[in-house]
Amino acid sequence: MTNILELPETEIVPLRELDATVKVVGSKSYTNRFLAIAGLCHEQTVLRNALHSQDTILLAEALRAFGHVDVDLDAESATITVTPLGRPMRAPETAIDMGNAGTPIRFLITMAALAEGRTVLTGNTRMRERPMGHLLDALNTLGVDARAVHGNGSPPIEIPGSALVGGSTRIDGTVSSQFTSSLLISAPVTEKGVQLEVVGDLVSKPYVDMTIAALRQTGIAVGRREFSTFTVDGGQRYRGGEIAVEPDASGMSYFLAAAAVLGGRVTIPGIGPGSHQGDVGLVKAFVDMGCTATSDTDGITVTGGPLTGIDIDMGDMPDVAPTLAVVAAFARGRTHITGIGNLRVKECDRIDAVATELGKMGVTVDTTQDTMTVHGGTEPRGAVIDTYDDHRIAMAFAVAGLRTPGVVIREPGCVVKSFPNFWEVFQGLRGNG
Ligand SMILES: O=C(O)C1=C[C@@H](OP(=O)(O)O)[C@@H](O)[C@H](O)C1
Ligand SMILES: C=C(OP(=O)(O)O)C(=O)O
């Protein structure tokens, strides 16, 4: 069988009917959180339904490089086991290359300040443009002299060892929530704990809720006043044991979107109303556009209907904005998406990428620095879609190809960042429907 991941491009064959139950991979965000936590824990941690993707594997390998834990990755059983070796965390002699794994590198920047010795964290070309300056400023206030080697706030980042003891600091929340999460994850094992004040309007808030949920689940007490101040006492100990990771809500979005654009039905088991993953909010957006949905112990089900454009602030669910934009291309009327300025600093500039690629399909998209307006109503036409080494562009536009003939996705292998078996699951829609 052809491995789509290795092809220069793949043409999506349209699908007329869809009625499927889809098993998506474990959450990237929870896998990253529990891996980082396990890397600070003195007990063994076993993650079930853990995501084995490029980003989580890079984080696992980075933890191993600090020499204090063994990390066993069993992709077959979707299990990751992290076992402390009873040695201190020690910076590796060479720089750690984190590819374009944004969440992992940002979590590691703070963790590295707990290790012995100087750590250098770097990444690929795009990563070397991604912003980390706010996190460096917060660490500097805590007395950690972490710095961008080229003085531009981006990797490579150099972090001095044995430098983080805790204290009070402020974090600018307007660019990425990952900085707040990073500080919260390392805070409990510092000597003094951390009092954190978030300044500016925090983006991607649900990810901070996920961090706090992960900390509490592993035995950590966190005090908070909404999204403005967080207090974590030092000298706490993370609890190990077995942890089940829920399905990935961002990965789920492509299949729910398929139901929306085809007027079909898709059910995602294992995720429901109790989830802290903000991307679950896309379900309500689809309902507002004309779909019907249920969310209960069986999972989330979306059934497509005639679609109409909406106005929506996606600041709480940035990763599914490309998914919604593609669905909006098939809706009657205009969809106005706001609150998405930080889409410009993700794996690619996702505002420009979505506008350019939908443009190739004959769909007009107006953009500003932090908004996108998709003008639906004209049936999109087939096009060769560039993916900019961005998994979410590849997966979102694959959905368009289920309805529009002639959609070709270039470099489909980029999905490995968060969803290595995406194409397999996507092809599975045909057997199912
Ligand atoms: O904490 C996390 O797991 C993530 C936070 C979000 O980033 P920002 O806070 O930078 O928007 C999101 O885009 C990313 O894919 C995962
Ligand atoms: C933005 C993303 O990832 P990260 O910031 O972790 O690289 C993403 O997965 O869409």
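Every residue, even glycine, has its Cβ placed from backbone N, Cα and C.
TrEMBL labels come from automatic prediction, so no person has curated them.
The structure displayed is predicted, hence computed values, not measured ones.
Matching K205, K284, K417 to the phosphoenolpyruvate binding residues that TrEMBL gives (K28, G102, R130, Q178, R350, R392) identifies K417. Of all the Cβ atoms in the protein chains shown, 23 others lie within 10 Å of the Cβ of G102 (phosphoenolpyruvate binding site).
Each of the binding-site residues K28, R33, R130, R350 was scored by how many other Cβ atoms lie within 10 Å of its Cβ, and the smallest score goes to R130. The binding-site residues under consideration are R392, K417. Their Cβ neighbour counts within 10 Å are lowest for K417.
Farthest C-alpha pair in the phosphoenolpyruvate-binding residues K28, G102, R130, Q178, R350, R392, K417: 19 Å apart.
The binding-site residues near S204 (3-phosphoshikimate binding site), taking a 10 angstroms Cα-Cα threshold over the set G102, R130, Q178, R350, R392, K417, are Q178. With respect to Cβ neighbours within 10 Å, the binding-site residues S177, S204, N342 differ, and N342 shows the lowest count. Sequence-distant contacts of Q178 (phosphoenolpyruvate binding site), defined by Cβ-Cβ distance under 8 angstroms and a gap of at least six in the same chain, are G102, T103, R106, F107, L135, S204, Y207.
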